[in-house]
Amino acid sequence: MESKSPPPCPSSVTVRRNPYRKARATPLTNPPQLPSHSTSSSKLPPISSFPIQDILSEEIPQNVPSTVTVTAASPSSSQDTIAENLKVYLRICPLVPLKGSTKNAGDQNPSSRTKNVWPQNPSKKNSVKEKKNSKKKSNESCITVSEDCHSVTLSPPLPLQESKRIKSEIYEGFSHVFSADSTQSEVYEKMVNPLVEDFLRGKSGMLAALGPTGSGKTHTVFGSPREPGMVPLALQRIFKPAPACSSQSSRRFYLSIFEICAERGKAERISDLTSDGQDLSMQQSAIKGLQEVPVHDVAGAEQLIARALLKRSTAMTNANSQSSRSQCIINIRRGTDSSDAETDEQSNSAVLSIVDLAGAEREKRTGNQGTRLAESNFINNTSMVFGLCLRSLLEHQKKPKKALQKHFQNSLLTRYLRDYLEGKKRMTLILTVKPGEEDYLDASYLLRQASPFMKIKFTNLEAQSNFLCNKRQFQTTSRTEQSKRIKVGSRDASLIEGKIAGDENQLHDEEDLRICNAEFKNSRPLNLNSDDLMKMERNHQIMQNFAKALWSVLKQHNEKLKVAESEIQILKENLRNEKTRSIEMEKELNNLRSFCTCSKENSVASTIVKVGENFESMLHLEGHTSCSFDETKPVLNSSNRFKSECSSSPRICDSTPGEDQRNVKVLSPNCNCSPENDDLVRIQRQDMSSQVPCHKTTSNLSGLECIDDKQEPEAMDGFFLLDGQVRSSEADVSSPSICVLNENCQSFQVHESFPGTRNIHEDSSESNYVVVEHLDPKSDVKVSTSGNDSSVSVEPGQQLGEKNEDLLDLLVSPKEVKHTQQQDLTYVPETEIRPDTSCNSSRKEKPKRRLLPASSILVREISILDADEFDKPRGNGVGNKLAASERQRTQGSISLLRLLKSNLHSLV
Ligand SMILES: Nc1ncnc2c1ncn2[C@@H]1O[C@H](COP(=O)(O)OP(=O)(O)OP(=O)(O)O)[C@@H](O)[C@H]1O
């Protein structure tokens with residue numbers, strides 16, 4: 001991953017790599033909260049906010065020679081002080097490790113391998129040779145040490161030069177650069193001995209080795225039995241027998257060794273390596289409980305160190321067979337002259353600290369996974385924080401900037417080394433680099449982070465060619481971009497160096513000036529001063545960091561989007577399934593509706609009885625989602641020419657033609673009636689919710705004709721009011737009657753003929769339905785709302801004289817109807833007929849949808865009448881109720897019932 005591989009940007013501050021800097025939520029950059037309904041996405045780790053503030057808050061010094069300048073080479077007085085306390089050395093690791101140094105698995109010398117004794121295929125031999133040559137080529141060193149051994153030139157490999165236009169950089173200001181063939185003792189003499197001498201004189205100091213993994217830090221610090229490192233060499237010097245007159249022989253020394261590592265790749269942990277790996281804690285800058293072991297001679301000290309190193313966390317990676325996974329710190333404290341140990345006060349003692357840091361590593365090269373990868377993160381973060389602090393020290397800031405203060409606090413290593421990193425104590429830094437071409441990025445990162453000065457060289461030749469080729473671009477692009485173009489390659493750098501170094505980047509060479517053409521002269525002259533270059537570098541860094549952070553946030557969002565898309569797909573699939581299901585159910589419902597039929601019966605008696613019984617069974621089943629006729633009761637069969645099937649909330653529309661052509665029609669909501677006889681009215685009630693104009697529906701009825709089809713009927717919460725002139729097409733019906741049903745359809749009232757206009761008014765205490773039937777065959781019936789919706793006027797028309805053998809049944813919502821005493825509309829208590837109380841409660845919620853066919857009730861009335869007359873009791877409970885309803889029966893209904901009964905008798 002990008003975040004784990006150090007980018008090759010100059011002194012870059014990769015915000016994301018710092019574990020202690022949690023991305024702050026800024027108002028502008030907070031990602032929008034995704035809806036939490038998605039289950040899988042909620043499991044995803046939250047997307048971190050974009051660290052734009054952090055990126056922009058990073059300040060790259062403008063006045064310091066760390067990036068590009070030549071003038072910075074001359075140190076100021078403040079630099080003198082820093083220079084006193086800070087020395088930076090560079091050691092280049094040999095490309096091919098020397099014989100005997102077999103620690104690095106990846107860099108083993110092929111020549112040291114045991115040779116194959118068998119004769120080899122010559123062609124194979126050649127190919128091996130070629131391979132070797134190509135390997136040699138790729139193993140060219142990318143670091144060249146200057147003659148004075150104070151600077152190095154870092155040249156990018158050719159592919160990088162071409163593809164990314166990365167140019168050579170010169171790093172200078174080193175106290176000394178040790179080339180690849182330098183020996184341990186040479187390094188000790190030049191670098192460590194001054195520290196040790198000062199230590200012996202009572203001055204504290206620290207040596208820290210910093211560099212990428214496998215670059216030779218541990219080798220430099222500890223060495224091998226053959227090539228002892230800085231620690232054993234320092235110990236040898238410390239315990240070197242002193243002249244008799246010297247007081248050093250009586251001095252005591254104390255040794256403490258500990259490591260800072262990541263606990264399960266997360267929290268930092270300090271372990272004492274001299275004891276049994278006991279965990280320690282840090283108070284201020286001191287480590288609490290750290291054991292100090294007194295040492296008297298080199299052998300004792302070396303033994304102690306060797307034992308401690310065995311406990312140090314190391315692991316094999318692709319880059320190093322024995323890679324350090326922790327920051328190891330050795331403290332050698334110089335005791336007092338006295339032999340009394342109790343008087344040895346640590347605060348007054350000089351301490352020589354030697355630090356072997358774990359090397360920054362890139363995932364690509366180490367191939368780390370799991371715990372190793374977590375360790376890598378810790379190591380990289382620690383070394384980055386250390387590098388940042390170091391950078392601020394190199395830039396002569398007495399105290400690191402605010403942004404860095406917290407790094408000191410958060411990282412145990414920097415907290416412990418605070419005095420050194422703030423320049424208060426003497427520190428010697430040894431940077432180790434590998435010079436292979438493949439190590440270019442690591443080396444560049446380290447050098448930009450920790451080298452005292454860096455130079456970027458320019459060639460005016462390249463600049464000219466750029467300008468000449470891209471004159472147009474030159475005029476339009478910014479100065480920053482111009483500067484970018486004139487960075488030079490490594491081979492040119494050393495040549496051009498003198499040109500720039502002398503005169504603040506002025507193009508003063510006559511040769512160069514001659515080459516410039518007139519166009520170039522007319523254009524803005526090159527301004528390659530350090531300010532511009534620094535600005536350019538800063539912009540470059542900011543943009544680079546910005547791009548990286550943006551990329552990472554985009555990647556996270558992309559992940560989230562993918563998850564959301566898959567969820568959307570699932571939801572779409574579900575929706576499709578639900579739709580097909582609902583279509584199927586709709587079809588089923590339509591089928592069931594079509595099965596619910598009713599037909600005219602020739603035999604009035606059988607119809608009445610059967611319809612009555614069926615309706616009774618329906619009454620019983622009302623309120624259920626599905627119903628069927630009771631098998632124990634007589635079922636309407638084909639001989640009766642009355643078919644009725646229902647599966648959900650059945651309603652019956654029945655027809656009872658009498659001898660005198662007086663029919664009773666009851667229009668029931670949700671009823672689909674399909675009489676087989678043309679004489680019967682086909683009434684198809686539309687779905688209540690659809691609010692299809694009722695008159696349109698009734699206009700299709702056989703026997704009924706809607707005169708006024710312009711006017712829309714009013715849908716009244718489940719029932720409708722016919723508002724228009726309706727006439728019957730056949731005039732074979734005697735005087736109309738009015739049936740009044742109560743709200744629960746448990747009783748009704750029939751009124752014979754109503755001559756003239758009838759105003760039916762709503763009685764607030766009653767909630768009945770009005771059924772208008774037996775229309776006068778000679779006249780139209782006009783049904784309309786009068787004034788407002790709360791009253792209905794029913795009046796016979798004058799013009800029509802056509803035959804009408806059907807009855808017009810009009811149902812009016814109880815709310816819309818007012819019943820008046822003059823019209824003999826009597827309220828019948830709802831409990832009279834229907835004993836089912838369960839329906840009552842539900843009806844309170846949906847009173848208008850509970851309307852039951854009045855015809856059934858009418859039939860029941862007739863049956864009761866029959867029962868009364870013929871003394872045929874129908875059961876106690878029902879009989880009682882029916883008797884009660886009998887008492888409530890009005891004159892009109894009685895006469896209608898008698899009429900029907902006489903029809904029945906005559907038919908029978
Ligand atoms: N100057 C040198 N001379 C000879 N061998 C060297 C030199 N520098 C490094 N090596 C060899 O390179 C290998 C890796 O070195 P070392 O373990 O010291 O790297 P490191 O920087 O400590 O790595 P890490 O950070 O992973 O611990 C070792 O085998 C070591 O012997």
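The backbone N, Cα and C atoms fix where each Cβ goes, glycine too.
Per TrEMBL, the range carrying the annotation region 'Disordered' out of 1-50, 651-700 is 1-50. In TrEMBL, the annotation region 'Disordered' applies to 780-800, one of the ranges 465-485, 780-800. Among the ranges 134-168, 554-588, the one that TrEMBL lists as coiled coil is 554-588.
A helical conformation is recorded for Thr218 (ATP binding site) in the three-state DSSP classification.
Within the same chain, residues at least six positions away from Lys217 (ATP binding site) with a Cβ under 8 Å of its Cβ are Ala209, Leu210, Gly211, Ser324, Asp356, Leu357, Gly359, Ile430, Thr432.
Checking the binding-site residues Pro212, Thr213, Ser215, Gly216, Lys217 against ligand 1 with a 6 Å cutoff on the Cβ atom leaves Thr213, Ser215, Gly216, Lys217, in sequence order. One residue stands out among the binding-site residues Gly211, Pro212, Gly214, Gly216 for having the most other Cβ atoms within 10 Å of its Cβ: Gly214.
Taking the centroid of the Cβ atoms of Gly211, Pro212, Thr213, Gly214, Ser215, Gly216, Lys217, Thr218 as the ATP site, the other same-chain residues with Cβ within 8 Å of it are Cys93, Ala209, His219, Asn320, Gly359, Thr432, Lys434.
In this structure, Gly211 (ATP binding site) belongs to neither helix nor strand by DSSP; it is coil. All protein chains shown were included, and the count of other CB atoms within 10 Å of the CB of Thr213 (ATP binding site) stands at 25. Every protein chain shown contributes to the tally, and the Cβ of Ser215 (ATP binding site) ends up with 28 other Cβ atoms within 10 Å.
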